[in-house]
Ligand SMILES: NC(=O)CC[C@H](N)C(=O)O
């Protein structure tokens with residue numbers, strides 16, 4: 001594959017920052033809102049924001065099933081924060097009616113780091129990448145993972161980065177730091193899948 005085309009799910013959340021980070025990591029990046037747009041990308045980033053809102057809008061825009069299908073078919077996907085929640089097979093504390101795309105065998109806890117610690121930065125050692133500065137904003141953590149899920153990083157004894165096949169997810173926001181190594185890792189995954 002030459003330059004991979006990577007979409008950023010643009011229903012809600014910090015879309016622009018991901019578009020910039022992907023472009024810096026040598027991908028062609030574009031927003032994706034509709035099934036026709038999803039069909040044209042080689043990989044997809046699901047940004048942070050509010051997972052309940054993203055879930056609602058994905059259903060409203062007729063995107064939930066197309067997203068599930070493409071993830072099931074092996075399209076590389078990277079979820080950050082609320083995006084990680086969207087990739088979980090199970091949410092421990094969902095709002096009523098809250099749906100996910102799924103794809104990673106894991107159970108996640110929303111807003112897990114608690115009120116005292118709603119937003120913070122921490123250095124996180126990511127397997128295969130090294131130490132990165134993680135920005136956590138009302139972040140989830142991963143309570144437990146299945147046999148096929150690889151844990152890439154922990155913070156304070158909690159899982160904050162995982163990978164299963166072509167699906168990557170982090171509790172933190174790498175798009176806010178100007179360090180594009182997590183996006184570069186994902187662009188490599190998209191290239192390898194093509
Ligand atoms: N920064 C974020 O993406 C926050 C996630 C949010 N707390 C949620 O449950 O969706």
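Cβ from N, Cα, C; glycine included.
Annotated in TrEMBL:
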| type | residues | note |
| --- | --- | --- |
| BINDING | 49, 50, 51, 110, 137, 138 | L-glutamine binding site |
| ACT_SITE | 81 | active site, nucleophile |
| ACT_SITE | 173 | active site, charge relay system |
| ACT_SITE | 175 | active site, charge relay system |
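Using the Cβ center of 49, 50, 51, 110, 137, 138 for L-glutamine, the list of other same-chain residues with Cβ within 8 Å runs, in sequence order, 48, 81, 82, 85, 111, 139, 140. Taking the Cβ of residue 50 (L-glutamine binding site) as reference, residues of its chain lying under 8 Å away and at least six apart in sequence are, in sequence order, 12, 13, 82. When Cα-Cα distances from residue 138 (L-glutamine binding site) are compared across the active-site residues 81, 173, 175, the shortest belongs to 81.
With the fewest other Cβ atoms inside 10 Å of its Cβ, the least crowded of the recorded positions 81, 137 in this structure is 137. Across the residues annotated as binding L-glutamine (49, 50, 51, 110, 137, 138), the two Cα atoms farthest apart lie 13 Å from each other. Around residue 173 (active site, charge relay system), taking its Cβ as the centre, 25 other Cβ atoms fall within 10 Å, counting all chains.
In terms of local Cβ density within 10 Å, 110 ranks first among the binding-site residues 110, 138. Listed in sequence order, the active-site residues from 81, 173, 175 having a Cα within 10 Å of the Cα of residue 51 (L-glutamine binding site) are 81. Counting in whole angstrom, residue 175 (active site, charge relay system) lies 11 from residue 81 (active site, nucleophile) by their C-alpha atoms.
Counting in whole angstrom, residue 110 (L-glutamine binding site) lies 9 from residue 81 (active site, nucleophile) by their C-alpha atoms. Here the recorded positions are 49, 51, 175; the one with the fewest Cβ atoms within 10 Å of its Cβ is 49. DSSP classifies residue 175 (active site, charge relay system) as helix under the three-state reduction. Rounded to a whole number, the distance between the Cα atoms of residue 81 (active site, nucleophile) and residue 137 (L-glutamine binding site) is 8 Å.
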